[in-house]
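*Asks:* Checked TrEMBL, it gives:
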DOMAIN    B:8-190  domain 'Tr-type G'
BINDING   B:Asp20, B:His21, B:Gly22, B:Lys23, B:Ser24, B:Thr25, B:Asn137, B:Lys138, B:Ile139, B:Asp140  GTP binding site
Amino acid sequence: MSSQIIPNRIMEGASAPLAIYIHWPYCARICPYCDFNVYKRKEDTALLPAILRDLEHWRELTGSRTITSIHFGGGTPSLMSPVQVGAIIDKVADLWTFYAPEIALEANPHEMSAADWRGYRDAGLTRMSLGIQTFHDPALKFLGRDHDGTTAQSALDLALDIFPSVSADIIFGWAGQTPRMLADDLRRALDAGTQHISTYQLTIEDGTAFAKAEGRGQARAVNTDLSADLYDLVRDTLIDAGFEHYEVSNFAKPSHRSRHNLAYWQGLDYVGVGPGAHGRVTQNNKRTATIAHLTPGAYARAVTETGAGIDSREVLSASDWASEYLLMGLRIDEGISLRRYHEILGEDLNEIELNALVEDGLLTRADDNLKATSHGRLLLNAVTERLLLA
Amino acid sequence: MSEPTDQSLIRNFSIVAHIDHGKSTLADRLISYCGGLSDREMSEQVLDNMDIEKERGITIKAQTVRLEYPAKDGKTYILNLMDTPGHVDFAYEVSRSLSACEGSILVVDASQGVEAQTLANVYQAIEHDHEIVTVLNKIDLPAAEPDRVKQQIEDVIGLDTSDAVECSAKSGIGIPDVLEAIALRLPPPSQQDPDAPLKAMLVDAWYDTYMGVVVLFRVIEGTIKKGMRIRTMNTGASYTVDKVGTFLPKPTDVKSIGPGEIGFFTGSIKEVADAAVGDTITEDKRPTPVALDGFKPAQPVVFCGIFPVDAADFEDLRAAMGRLRLNDASFSYEMETSAALGFGFRCGFLGLLHLEIIQERLEREFDLDLITTAPSVVYTLAMRDGTEIQLHNPADMPDVMQIDHIQEPWIKATIMTPDDHLGGILKLCQDRRGVQTTLNYINGRAMVEYELPLNEVVFDFYDRLKSVSKGYASFDYQAIGLKEGDLVKMSILVNGDPVDALSMLVHRGNAESRGRQMCERLKDLIPRHLFKIPIQAAIGGKVIARETIAAMRKDVTAKCYGGDASRKRKLLDKQKKGKKKMRQFGRVEIPQEAFIAALKMDDS
């Protein structure tokens, strides 16, 4: 049914695309701005077998599907050995059908190892996402990173040497950063030949060390007007360099977009395996959200006892599903299908609000397609709030 | 009390004092001395029985108590103490209470001396031909200076203080002297015929949960009896008296009450509004030929809009107002619709204190969250076609082209202050278009009188006065009638749309600064939107002040991947709840707090 609406995107059935997310929660140390589900590294022999077994359970849930991506995130998945990574890729290949999948892994520059990375490549990895953050040494120290600028540079060069597609994470908006420092970071990533850049504004999340520091009156992030200037700088620089601004915080050379992340933004299905991982599965026109057991111990125990790592499972209401589709879809340059939105919710967006936002230059609409303008993308929280709460 | 009381032994008196000079404490002492209540029954300050009255140390409803005092001359006197509302908002009620008495005790704090309210109240008593007994209270305080204060009373008020009584109500010093002075120095009511047709004054009325509407009265001539059919001459209503009694201070039934006496009756009166203060009570079948003069129906002078913060509370608010009105006929309300604030009520009050009391009671006793718009006075619009319009709400202002001129109520303000704060006070009065009429210095204190437009006084004048005088100045006022004023309606436009709840009538000379203040305030109170928002103050089509809220530049979550979708959704739910607290205005959302804060605007 949905295939008629979006001819080139099959949402359900054996040929519907499926993305696989593997969460490896361990880190060598915890960064002061991070609010992810992460744990200090320790010897854990139970986690890999649990992940492999959990994947089998997911296969039962999703049925036969076409795998378009596998993403190793964390935590620090580069703490896994090539053998461990290979075991997971092989397991996925056994369970589902591969369709030239993107297989990516997040890594930290200071843990670079030519041998391991080549091992990943041999195991099937096609892409590496490197947590460069900045090349500026004092800032790296301030951000609590374990590497320096030189290490970042060599890790980037090494990754580009090994993998066909490399993404660099750059953080901006840390207190004390000047536009010049940011321009310099971008220039170094571009000069190395990086094909994909994710630029994240430093945000202060509750419960982090940075939140505590700000609570004491010590600024860790810049104010919003300056961060808007920095954002403009990133955009102008990368577009000049031939990148496409395809998502709020993501820029890619043609054909280097993150297929895995696009699955999230396009509202496709994804498997979430590993402690605390989130998943979404659409079946019989119902979308189910899953969350795996949060701690590695609880996760492994659940898999051992029940064969599955899922802790909670919620069938999304039509309005929650539609909200997610819109919240995620307006982040990307392709936008959303208004028909698809209607199909999920059974009603249309508020026409008055929609037209007002178009008139203000925040959204554009062409037939079935609704997307945020680049100005609108910068104000997306307010835009979606207006659309969904109108 | 089957035998008629010997009228020559009756003493009807009230106590006049400035707030906190010990009026209620003294009243309590007099009651306990005469054995009206045992110590166990004597809760603190019996006469002020509403919570708010106790908290603020003020009296809102007239109260009375009948005491029997065996004087040193061997006779037992009947002392009817009438506790009157001390605030100018209730000036009419005060005047009715005073006219039910022949004498007053003037209580002055022996350390603080004469204050503005002392003056206003004592002058009223003098106007009612009262005999006055001066009492210096708090005589045992280290700071007491009875001689200086006596001199001040002579200089400022012109009363002879050679026989002033010194006491301390708190410590119980001098209480018999006060009672003796009341019995021997205050006059009895004039002798009247107990068999004449009934003529009594309705002094006050209130709603009692057990007794229904209770009417307090003073008999001039004739006798009021249980079972009698009576009639109120101005409102024309008639009732059968179910119960007649006096307060000892507990309500105590008697068969009848004769000339010169004060008491209460109950009948099947539905609401307090049916019993108008100052009305004449007579017997239905044998009426007195002439009613008492001086009757005035209650006339609200200050108006404001009261709206529920949560629109769902509207019906509760209506019910609460109905309940309060049961007991307070001077408070009026009618439904009002505001584009900004939704459904609410336009309410009329006797004055600012009355407004605050009602607002506080609604919030406290009925647990309602309210938004109150800026208080406004009643303007008289003389129209070109010769008609007159009473304007209660600036939003209802007709087209200026049709208006010939506007009249506004003025007051005479009396302010007493230590003279080091005088400069700030004079400037404040000047800024509020005041015209000075008197300035006197008496022993380091200044007494200044100003004529002021009431609309400048309802606009946070009292708060400003307290702050410029560090709380030392005292203030009282009385209405002196209407004067023509150069008044204009100032509208506030947010994103081009006028916000009705924020419009106000202001003097042309103050419009620009008032407008600028309001725009600046709103600029900080309204959050940034996706577009820039002009905020303008305008008179007619002319913009007199303008501020702009810059458009929001960046508001987007940096990272949003698989695990963040649920989080974003939950955030949206949270925003949904927050949105309830916003008022939609065109495309602009104004937080509830912004209205509250903007309307509470002070001058600083």
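Cβ coordinates are placed from backbone N, Cα and C, and glycine is handled just like the others.
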*Asks:* Would you measure the largest Cα separation among B:Asp20, B:His21, B:Gly22, B:Lys23, B:Ser24, B:Thr25, B:Asn137, B:Lys138, B:Ile139, B:Asp140 for the GTP site and round it to whole Å?
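*Replies:* Greatest Cα separation within the listed binding residues comes to 18 Å.
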*Asks:* Specify the secondary structure state of B:Asn137 (GTP binding site) as given by DSSP, simplified to three classes.
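*Replies:* In the DSSP reduction, B:Asn137 (GTP binding site) maps to strand.
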*Asks:* Report, as a single number, how many Cβ atoms besides its own are within 10 Å of the Cβ of B:Ile139 (GTP binding site).
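*Replies:* Taking all protein chains shown, B:Ile139 (GTP binding site) has 20 Cβ neighbours within 10 Å.
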*Asks:* Across all protein chains in the structure, which of the binding-site residues B:Ser24, B:Asn137 has the highest Cβ count within 10 Å?
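*Replies:* Going through B:Ser24, B:Asn137 one by one, the largest Cβ count within 10 Å is at B:Asn137.
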*Asks:* If you draw a 10 Å sphere on the Cβ of B:Gly22 (GTP binding site), how many other Cβ atoms land inside?
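*Replies:* I get 24 for this one.
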*Asks:* Quick one: average pLDDT across the domain 'Tr-type G' (B:8-190), no decimals.
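*Replies:* Value for the domain 'Tr-type G' (B:8-190), mean pLDDT as a whole number: 83.
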*Asks:* Run through the Cβ atoms and count how many others sit within 10 Å of the one on B:Asp20 (GTP binding site).
*Replies:* 17
*Asks:* Determine, from DSSP, whether B:Asp20 (GTP binding site) sits in helix, strand or coil.
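*Replies:* The residue in question, B:Asp20 (GTP binding site), is coil (DSSP, three-state).
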